[in-house]
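Data first, discussion second: the structure below is written as structure tokens.
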């Protein structure tokens with residue numbers, strides 16, 4: 001459909017407004033991170049008087065991000081990997097209706113995403129299993145608590161022809177081999193989307209570690225942000241630096257996988 005000049009202008013204005021809406025908070029955050037505490041208190045919204053990259057070094061040291069960063073990499077990497085593997089194994093038979101009540105199970109998972117997180121039963125279960133204040137227990141919680149990848153995989157696998165399954169079976173290809181040598185390579189876009197969405201949920205979690213990890217040595221990178229909160233005053237410039245430090249790994253991951261994101265999200269919506 002050919003757009004008129006007026007409608008095209010309106011479209012550009014809307015796009016620019018949306019761009020400003022998303023870019024301004026990032027610009028403001030970076031602007032604050034370049035200020036001193038005194039400069040921020042005098043005028044929080046004014047442009048910074050200079051570039052102070054030493055603020056990032058100070059935030060990195062005071063926030064103990066070097067220790068917390070490795071914990072977050074461990075939690076995010078292992079939880080994301082386990083989530084994807086379990087989701088693939090669960091999504092394939094459900095998408096192909098090899099299990100009874102597959103539609104009910106799918107709807108159950110879908111509804112569960114809109115329910116509040118059952119923190120008290122989870123805490124009680126983790127405590128009874130002896131996994132409280134352990135990295136293993138926290139990783140298991142994050143692995144089993146993410147259902148978006150599973151739902152997207154089900155939708156994508158439904159779009160894959162059954163003839164591919166039959167051809168692989170006739171060639172003597174086993175179940176596990178079929179999943180990881182034939183199906184998984186076809187799922188690269190949806191896998192990239194699953195990685196991003198799962199990693200964001202684990203990396204940004206701040207409530208779970210506070211509840212399930214009492215040992216400071218096990219805390220993730222988000223814990224370092226609490227360092228800049230004071231009883232009477234917060235160190236806003238260093239807090240802004242800390243937020244940018246915490247955000248950077250996810251930005252790098254997104255940039256590395258962004259060419260798959262749109263295609264993967266669309267593929268996961270097919271026949272869901």
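The backbone N, Cα and C atoms fix where each Cβ goes, glycine too.
Just so you know, TrEMBL annotations never went through curation; they're auto-generated.
Keep in mind the model is a prediction, meaning the values are calculated, not measured.
The range from 38-57, 138-157 that TrEMBL describes as transmembrane segment is residues 138-157. Sequence-remote contacts of a segment are chain residues at least 6 beyond its ends whose Cβ falls under 8 Å from one of its Cβ atoms, and for the transmembrane segment (12-30) they are 45, 240, 243-244. When Cβ-Cβ distances below 8 Å are used as the criterion, the transmembrane segment (178-203) is approached by residues 72, 75-76, 79-80, 83-84, 87-89, 92, 142, 146, 148-149, 152-153, 156-157, 160, 164-165, 168-169, 220-222, 246, 249-250, 253-254, 257, 260-261, 263-265, 267-268 of the same chain, each at least six residues removed from its ends.
Stretch with the most C-beta contacts under 8 angstroms to the transmembrane segment (104-126), considering only 73-92, 138-157, 236-257: 138-157.
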